[in-house]
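Here is the structure we will look at, set down as structure tokens.
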Amino acid sequence: MRAILKENLFIMVAVSCVFLLSIATFKDLELSNALINYHSFFGTTFQTFGEFPIYFIFIISGEIALIYAIRCGGHRSFSIPLFIGGFALSAWQVEQYLNEITHYSLAALTNLYNGKPLGMHSNDVAVFSVTPQVKVLLWLGLYSSITIVIFLWMKNKRKEELQKYLLVAVFASLTALLSLEINGVLKAFWGRVRPYELSTSQHNFTSWLQPNGFTGHRSFPSGHTMAATLMVVFSWFTVGKRHTRVLIVGVFYGAIMGIARIIIGAHFLSDVVFSYFLTLLVVFIMHGLYNHIVSDELKLT
């Protein structure tokens, strides 16, 4: 039943994306001009904090590896590297997420200080900064909080259950990594100018169907939309009715992020729709691979 729901949901999303891409082929620039609002608190908030799913996939996966190493790692030649790797992955991704939040937050504050729209892209030198000491405290606070929550979540799990979660963590991390790499390669190759990078005459606008090569511009496809759509992967760590709820929330969250990216002037409609579909396709394929390779005894159901 769950498999049928996922297939139907994917087909609905695919049809919707094809329809939206058809519209974007002719109306990308017009829609962007009509919707851009650099004052948008909604767009700025999602730009600053909204990419958390991709970071938290790695963080959760690293924490699960760390817990497995502590509780049922077996021989030290396996448990010690697993512990170190799990800690390094989760700790690093917490730092990366904090760096992103800090970057966008300081940019928004600088815009306000200089009398510019909150979410406008600007090359102004930041008038505010975060000291290394504060960064360390923020990292300790966030990492400790996440670790406590995940340890409590895994507290009463048996060894057999932890094995299932570890397998899910491996596939989830590979899915996030694959999505990230595909998105990055396409961004670099397509070389599409972002809406906020357009000239006054907008003559440098190009269709999403036109690869421009390595120009240094990275509008197509949307990275934020990819990261947000990966919230769907959180459903892999859940069972029962919660699995379906998290799956649906992830599908909607990715779409909302796409809207936010258009409003803040960072992407065109085609950028976010293509990224949304491509990410869901990777997720669909990787979860299918998980179901095909992993035996029923080791699946989290």
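Just so you know, glycine gets a Cβ as well, placed from its N, Cα and C.
The following features are taken from TrEMBL:
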type	residues	note
TRANSMEM	9-26	transmembrane segment
TRANSMEM	52-70	transmembrane segment
TRANSMEM	77-94	transmembrane segment
TRANSMEM	136-153	transmembrane segment
TRANSMEM	165-186	transmembrane segment
DOMAIN	166-287	domain 'Phosphatidic acid phosphatase type 2/haloperoxidase'
TRANSMEM	220-239	transmembrane segment
TRANSMEM	246-266	transmembrane segment
TRANSMEM	272-290	transmembrane segment
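Among the stretches 9-26, 77-94, 165-186, 272-290, the one making the largest number of Cβ pairs under 8 Å with the transmembrane segment (136-153) is 77-94. When each of 9-26, 52-70, 77-94 is scored by its Cβ pairs under 8 Å to the transmembrane segment (165-186), the top-ranked stretch turns out to be 52-70.
Looking at 52-70, 77-94, 272-290, the range that has the most CB pairs within less than 8 A of the transmembrane segment (9-26) turns out to be 272-290.
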